[in-house]
Structures are given as C-alpha cells and as structure tokens.
Amino acid sequence: MKTLYSLRRFYPVETLFNGTLSLGGRDQETTGFAWWAGNARLINLSGKLLGAHVAHAGLIVFWAGAMNLFEVAHFVPEKPMYEQGLILLPHLATLGWGVGPGGEVIDTFPYFVSGVLHLISSAVLGFGGIYHALIGPETLEESFPFFGYVWKDKNKMTTILGIHLILLGAGAFLLVFKALYFGGVYDTWAPGGGDVRKITNLTLSPSVIFGYLLRSPFGGEGWIVGVDNLEDIIGGHVWLGSICIFGGIWHILTKPFAWARRAFIWSGEAYLSYSQGALSIFGFTACCFVWFNNTAYPSEFYGPTGPEASQAQAFTFLVRDQRLGANIGSAQGPTGLGKYLMRSPTGEIIFGGETMRFWDLRAPWLEPLRGPNGLDLSKLKKDIQPWQERRSAEYMTHAPLGSLNSVGGVATEINAVNYVSPRSWLSTSHFVLGFFFFVGHLWHAGRARAAAAGFEKGIDRDTEPVLSMTPLN
C-alpha cells in the first residue's frame, strides 16, 4: 500500500525503553508508535486493524453472554430483579422475554438462550479476530479492495459511514419488529398493571416525535428523556431507523460536498475523535434515561427512580396517617405548608413535604389517583387500592440512593440491607464513561487537528532534566 506521507512527520514521538524491541514489522521504527500506543501501530495496516476490531467485538459479546448466564444462574424468581444486582436480565425482560403480568418472571429459558447465543457468537468473533490479527493479510487493499481504504480517501470514508448507518438503522428496526410482530414488549403502563403487549398504534407524527427534541431538558419536560409511552418510543425508532438507513444510502452514493471537505479533518485519529464525541453524547443521554425514565426502563425490573421512591414514601405515610384519623386535606406540616398535600406553583394538588420537588413524577401506581387538577382528594380518601399501597411501600424502601445528602425526604437507614439499585449502577457508569469518552474526544480531536496543521511535535525531550542526571544503575 502506498503511504501518502512520512509517518515520522505525523508521529515523531521517539522514546522507547528498548530500541531493539521489534513486533513483527509493527515496531516503533516502522510505525512511529511504541508498543503501549496499542492500535495506533496499526493505522496503516488495515488487515491487522480489522483483527483488533473483530477481537474487541468478540470480547464485548463474550462479556454479554457470560454475564447473562451468570445472572441467570444467580437469579431467584421470588425476588424482584432490582434486588439482585442484575443489569442484563432487566433489559431482556423489558423486551418482553420471559415475563408476564406485573413483570413477574414466568420463564427463564429465553434468558439462557440469549446468553448461549452471545457466547457462541463471541467464539466466532474471537476466531475472526485472532485470524486477522495473526494470519490474515496485513493490508486489505491489494487482495480485497472493497474492504481496503486510505484514511484520506473522503469518498471511501463516507461510504464506510453509510454502511455503519444502515446497520444502526437495521438495529432500530429490530426493536420495532419485536414490538409489532414478535410477541411485543413489556409496557409498564398496561391497564391493570404492567404486561407484555404488541404495540399496534405507533406514533409516526413528525411533530410529536421531533417535538421531543425541542422540549426543555428540565422538570416534567425532560427533553427526549420525558417520553412516557411505548407508542412514541417505538414510533421514534421507526423514524430513527428510517433516517439512519436513508442517510446511509445517501452517504454511500454521494461524495462529500466542498463545505464538508473543508470543515472536517480527514484522518484516522479525527474519525476516532468524532466517534468518541458521539459515544459521549450516548453515554450522558443513557445516564439520564435510566435515572429518570420509568417507561423505557420499567420500575418493576430496574427499581423505582429517585423521584418515584420519594413520592412513594409520601404516599405510604399519607395512607398510614389517614387510617389513623388524619385529615390529609387540611393537616399542616412543620413549614406551614400542607403536611400531606399542597399545591404546585401552577395550582395542581401534589404531595407535600420534601417530595414537593418531584411533583411532576408520573408512575403507573400513582396515575389512577389523579383528577383534572392533580391528585384527587376524594380518590385519595376512597379509592386507594391494596396493590398501590404494596407497590409504593416496596418502592419507598428501594430508592436508588447511594450516600447522597439530598434524598428528597426518603428515610435513609445506615444499617439497612446492602442494596444498590441497578439505576444507580447504570446511570453512574454511563455518566463516568460518557465523561471519559468526552475527554478522549477532546484529546484525539486536538491531536488530529494539530497533525493536520503540521505542528504535532510530541514532547520535546532535548531539555528534559532526566537527561543530565546520573543513570540509576
């Protein structure tokens, strides 16, 4: 493969502890990168880079399969999923596999099948990764020109982008087909308690779907995180899948316009930085989704959201004290506001106390008690059902709180059972990963831009103090 520029010009870092260390033509002398720079040594070896990526995919899928089987092996059907530290089975249950009314697990075999399928897939990917890393051609350009590429080839790069977009679109449509034709998905809002149902009446109105993107990110609006029905979620995936597929076809058939050629840096490291920027946004969005949304992430599987646990506690004590004779409509709390009920700034009747900040929570166990103007006092006095009391007591004691200081009034107990909500795990991990990807995006974008501008020098070693010191040995 012809190299269009001197590697040294772009990768001039020249510090190797052992200058003779050679890695099969992938040493520092030939690539400009030391062993610890990992895949950077493979920038111009498309065959070996393919091996690294396939092997990486194998590791990801192996984790999914192994962890899936680990969760199946440890699963106790009598306990809720969120009490058992599970993060994969809740996703499978949300897709409608193995669960029945109320989110009760009736069959764990689909979970076992999922784990085995992922393990088998990981073996295939692992073999492919090892083959391309060790045996296959170092570069693909000569033998398989369709799979070969030069990083500067703008047309080829947008073709690869298009292929990726089509695959993402197909993934979005897999969820649509599951919800429409293959057994449906779990709907926490199904009448009479959550249940698996086919989503028939999709929301395809662009004003509704794209309206989410224009909403405020705060409060009950919550940008796209505020979606509260499966019709909108599945309809959104129809739109998203269609846009990805048509965008992919567009990028395969067209060449980048002049403004795009000028605006972007066209190098491997630049593409890495763009991808990390996208993954960072995904991570932060997923963090907010799993923390606040109880439709895409049903509380039956993931445990209550923070606001949900807080409102559940207010409801639980309202029920208790009403039974003991309290007049919940007029009792005054220590601040002079209503102890059990008060009014929101816009006049709705809401729960009183510290949970007032979560007044715009919506949850399946609470909505039946609302009227046209917030909570309905007569329903609270006459219509509370035993299942609502049980659900709120359960959620009150399973708040997704670590050692937070501000817990929305939820009673915290230092000697409580060792419980960490999957919402805590998933939102924290995705926030941290989103942040790290953002830092990686800045780092690689800066390096790529500097290299393109021609002043990427690495660290100047000539004036380093260590050079004038006595060797340690």
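Including glycine, each Cβ sits where the backbone N, Cα and C put it.
According to Swiss-Prot, the [CaMn4O5] cluster binding site annotation covers Glu367, on the basis of sequence analysis. The Cβ neighbour count for Glu367 ([CaMn4O5] cluster binding site), using a 10 Å radius and every protein chain shown, is 11.
Feature annotation from Swiss-Prot assigns N-acetylthreonine to Thr15; the stated evidence is sequence analysis.
Residues or ranges marked as phosphothreonine by Swiss-Prot: Thr15.
The transmembrane segment annotation in Swiss-Prot covers 69-93 (among others) and rests on sequence analysis. Long-range contacts of the transmembrane segment (69-93) within the same chain: residues 99, 103, 105, 108, 110-112, 114-116, 119, 186, 297, 300-303, 394, 398, 419-423, 425-426, each at least 6 residues beyond the stretch ends and with a Cβ under 8 Å from a Cβ of the stretch.
Residues 1, 4, 25, 43-48, 50-51, 255-256, 261, 266-268, 271 of the same chain sit 6 or more residues outside the transmembrane segment (134-155) yet have a Cβ under 8 Å from a Cβ within it. Under the heading transmembrane segment, Swiss-Prot lists 134-155 (among others), citing sequence analysis as support.
Same-chain residues lying 6+ beyond the ends of the transmembrane segment (178-200) with a Cβ under 8 Å from its Cβ atoms: 93-97, 99-103, 228-231, 234, 294-295, 298-301, 364, 387. Sequence annotations record features per position, and here Swiss-Prot assigns transmembrane segment to 178-200 (among others) based on sequence analysis.
Sequence-distant neighbours of the transmembrane segment (255-275) (same chain, 6+ residues past either end, Cβ-Cβ under 8 Å): 43, 151-152, 154-155, 157-158, 440-445, 447-449, 451-452. Taken from Swiss-Prot, the feature transmembrane segment covers 255-275 (among others), and the record attributes it to sequence analysis.
As annotated by Swiss-Prot, transmembrane segment applies to 291-312 (among others), with the evidence given as sequence analysis.
Positions annotated as transmembrane segment by Swiss-Prot: 447-471 (among others).
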